[in-house]
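Participant: Right, I'll just put the structure down here and ask away after.
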Amino acid sequence: MADYKSTLNLPYTQFPMRGNLPIIEIKILERWNRDNLYEIIRRKKNEKKLFLLHDGPPYANGFIHLGHAVNKILKDIIIKFKGLSGYDAPYIPGWDCHGLPIELQVEKLIKKVNMDIDINSQEFRNYCREYVKKQIEIQKKDFIRLGILGEWKNPYLTMDYKTEANIIRTLGKIISNGYFYKGIKPVYWCFQCHSALANSEVEYNDYHYSNAVDVGFSIVENVSINKIFNINCYIENIELVIWTTTIWTLPANQAISIHPDYIYQLVKILDNEKYLIIAANLVNMFMNRIKCTMWQVLGEVLGSKLDRLTARHPFMNFNVPLVLSKHIKLDSGTGLVHIAPDHGPDDYLISKKYKFKNRDSLIDSNGYYLSNSHNRLCGLHIFNANEIIIDLLYKSKNFLYFNANYQHSYPYCWRHKIPLIFRTTSQWFVNMDHNNLRDKLLRTLQQVRWIPDSGYSSMQSMIVNRPDWCLSRQRVWGIPIPVFVHKKTEVLHPNTCIFIEQVAQLVEKYGIQIWWDLKNEDIILNKAESMNYQKIYDTLDVWFDSGSTHDSVILDRFNSKLKSKLQIDLYLEGVDQYRGWFMSSLIIAVAIKGYAPYKQVLSHGFTIDDKGNKMSKSLGNIIRPLDIVNKFGSDILRLWVASSDYSKDMVISDDVLKNVTDIYRRIRNTIRFFLANINDFDPEKDLVQSNRMVALDQWAINHTLSVQVKIISNYEQYKFHNVIRYIMKFCSIEMGSFYLDVVKDRLYTLNKDSLARRSCQTALYHIIESMVRWIAPILSFTADEIWKYIPGNRSKYVFTEEWYDRLFKIDENQIVNSNYWNFFLNIRNKVNKVIEQERVNGIIKGSLEADVILYVTPILKKKLRILKNELAFGLIVSSVMVLSIDDVDFNTIKENHEENSDELKVVLKKSHGIKCLRCWNYTLSMSKNENYLNICSRCVHNITGLGEDRRFF
């Protein structure tokens, strides 16, 4: 039997079926690095419109985690698609270099090397700087392995001398505009940080347990209280009941606050003759708490009537006043709040309103009670004091009414995961209400595009409720707050802004250590004057470091390409950065420039496992990005990021990665089919003009164009999961289940140089030129690999290109236009249902074994006959007859048929033809030529002559 394989145009390509990504990606990275790909792109795009995505700097500490990978990959996708869209989109990665976490790691390393080493602050800063350098190199290597293109040779570091100097200059602008002040306020305090924290460094633990207690304070003016409640008989020992979850603050109590507009009741507990004052709305809740069933209401008054009365502290030897405050709520407690000005912002404001005398703090910076607290508490840590305080309450005439564990949300240190306290200390702040800053921030929010929209409301609520920003930290490794204050008045030196610039110039040359080395007279040249001032040694909140980079880094790097009003196009970070980098950047920008630093803010969710748990060491569910890369390749990780809806938490697991691998395989195999079938195609010689192309090929290019429009639109909207969805649908349905199936006969069996075959190759060429660009931002390594297999002259890298612009629309004036193709595809789907049913029934094994009769209305018959004898190729069957639906009685038809509709009925029967060994069609028109036995006449014509002519399929 003759072998006709050599007469076929069988697909061939050296593009591998298997990606082998973990190995091939390393080689590609070596080439990118050798060629300096990032610089090639910059030179090519230099004259284009600038698009700036500013990198929120990750902390230079530890290996990268999955959250880092998600963030960097999303940024890289955007940078690359913006390049394809005709922008100059540079990417300057950055690192946050100062702060406590670095200090802690360096301390551990020093102790590990030499337990007895004693180093000074300067040496410690040097250790920190060297540690950060090493950490950056580790993280940089991992980010590059993910396929992230950027200015890795010159990233921005908040510890670069010039950046440190510029951050100090930004602080100078804050000071110059009047927002900077020193205040004694309660601030979040971490005992392990030994420092104040800003709101952005606080996270809330919803599963924190505290001792909740109801405590009685005896009224001193019993006569007055009897009159206020209009009690006829004289009552003694009336108590005000407060409820608190911070027992340790009771020794610091200085007042009890009540709401002026709430009703308060004097109630008598009948079984023990106790007289208590509680908010009327909370009496029942209180009685349930103490399991009291019998009480009597003796009277009620507005809270305002109780103002300025006094009560006796239950175990400290002093009286405290009743004061009015509208911050009290009626959702829990008793409607009376104990006021400890040292340990709460609202308490502090009340103390200022009522001009309380300043008292020395009762606790030190480590959380231990001082001698001025209580003799039983001195030297005890506040978190270990509950039992003693409860005992003091029991022994003080039974002033404790209720004591129980209470679960509630409580502030924790973002780094140490331990409870925080409010502690009144002297700190430096940004005044949120100076020059209407808070109102300006709220107005500015409306001018920013928030993605998702919920970002706007998140920022709005935080700004409304935000206290003044505490800028100062009591740390060693940080950018100094380089100011001088008068030793007596603590007022800033009048030349502070001049000094700031002088210090910045020195820091730019010598680094931050210079501030600690300087003497007063080095800056304040008048020696006598310098004696009256002291240098401040506090360091800046690290959120000021990173939050000022729009001014200290971007303005410096892109000044030549920027207009007078600098607004960065996009900030992109995790949802936790609304209270962090997004917020600090906004406050600084509005304070110094009057407008937002960014035009758009995009946030992404966290990574979670398939059970909905966040990644954590304790759960043992952490997946390192480099483990995924080493097993599957970076493109699989990138595809997972792109295919996930990052606006929510992103699920990752072995099953999820398996599904992503299947998606990748489908895309790769589709492109491999394209490459394999244009291996003998030279676009310089073989490209067919659109008006000469086969109709189906025109449809394919038209459809590719419509898909490309959707893909680009979804890239622009940052909806990358939709991009993947469109690509997958294109590969699996429009191409895989239709176009590529139909054109196989034409590609394989027609004359190699026939117009019909070259037409199809032209379509495949245009489509792959489009597809390689579609996937390049996401599957960067694979796109780079594909690029070198596409025929024709081209630039070295797809990343220097723009979206493919040689696709075209169908001429809608021609008969076989878009509407006609929709009509045909509807017919084809109905025929395929019948074919599949008969295959399941065992009548046929494949569609080419089928002869199909279409019974249709005259209108449909006329439309189908446009395709003439090519209809069978479009349906991938051996033969098709189109008959009138009115000319047949279906009861007389023995073959199975599908009652599709009143317009169309499909009848299928197994072909009685002979199978052609070359094209596999079944036909009665077999060759009688002795040189070409067992093949059909059509195949002989295609082998020996010019071949058949195709207009439609």
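Quick reminder: no glycine exception, Cβ is built from N, Cα and C everywhere.
Pulled these features from Swiss-Prot for this protein:
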BINDING   E573  L-isoleucyl-5'-AMP binding site
BINDING   K617  ATP binding site
BINDING   C916, C919, C936, C939  Zn(2+) binding site
MOTIF     58-68  motif ''HIGH' region'
MOTIF     614-618  motif ''KMSKS' region'
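Describe each of these features in terms of where it is and what it packs against.
Facilitator: E573 (L-isoleucyl-5'-AMP binding site) carries a strand DSSP state (E or B).
Around the Cβ of K617 (ATP binding site), 7 further Cβ atoms fall within 10 Å across all displayed protein chains. Secondary structure from DSSP puts K617 (ATP binding site) in coil.
A simple way to gauge crowding: the CB of C916 (Zn(2+) binding site) has 24 other CB atoms within 10 angstroms, across all the protein chains here.
Secondary structure of the motif ''HIGH' region' (58-68) per DSSP (helix as H, G, I; strand as E, B; remaining residues coil): 3 helix, 1 strand, 7 coil.
Away from its own ends, the motif ''KMSKS' region' (614-618) comes close to residues 65-67, 606-608, 649 of its chain (Cβ-Cβ under 8 Å, at least six residues beyond either end).
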Participant: At a C-beta cut-off of under 8 Å, are there same-chain residues at least 6 beyond the motif ''HIGH' region' (58-68) that contact it? List them, or none.
Facilitator: 95-97, 99, 101-102, 105, 132, 135-136, 138-139, 142-143, 157, 574, 606-607, 615, 622-626, 652
Participant: Within 8 Å of the Cβ centre of C916, C919, C936, C939, which other residues of the chain have their Cβ, at the recorded Zn(2+) site?
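Facilitator: Along the chain, the qualifying residues are T749, L917, R918, W920, N921, T923, I935, S937, R938, V940.
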Participant: Using a 10 Å cut-off, grab the number of neighbouring Cβ atoms around the Cβ of C936 (Zn(2+) binding site), all chains included.
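Facilitator: The answer is 26.
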Participant: If you count Cβ atoms within 10 Å of each one, which of the binding-site residues C919, C939 comes out on top?
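Facilitator: Answer returned by the neighbour count: C939.
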Participant: What are the non-local neighbours of E573 (L-isoleucyl-5'-AMP binding site), defined as same-chain residues 6+ apart in sequence with CB under 8 A from its CB?
Facilitator: G56, N71, G580, W581, F582, S603, H604
Participant: Whole-number Å distance between the CA of C939 (Zn(2+) binding site) and the CA of K617 (ATP binding site)?
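Facilitator: With distance taken Cα to Cα, K617 (ATP binding site) is 66 Å from C939 (Zn(2+) binding site).
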Participant: In whole Å, how far does the CA atom of C936 (Zn(2+) binding site) lie from that of K617 (ATP binding site)?
Facilitator: 68
Participant: What's the CA-CA gap between K617 (ATP binding site) and C919 (Zn(2+) binding site) in angstrom, rounded?
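Facilitator: Cα-Cα, rounded: 60 Å.
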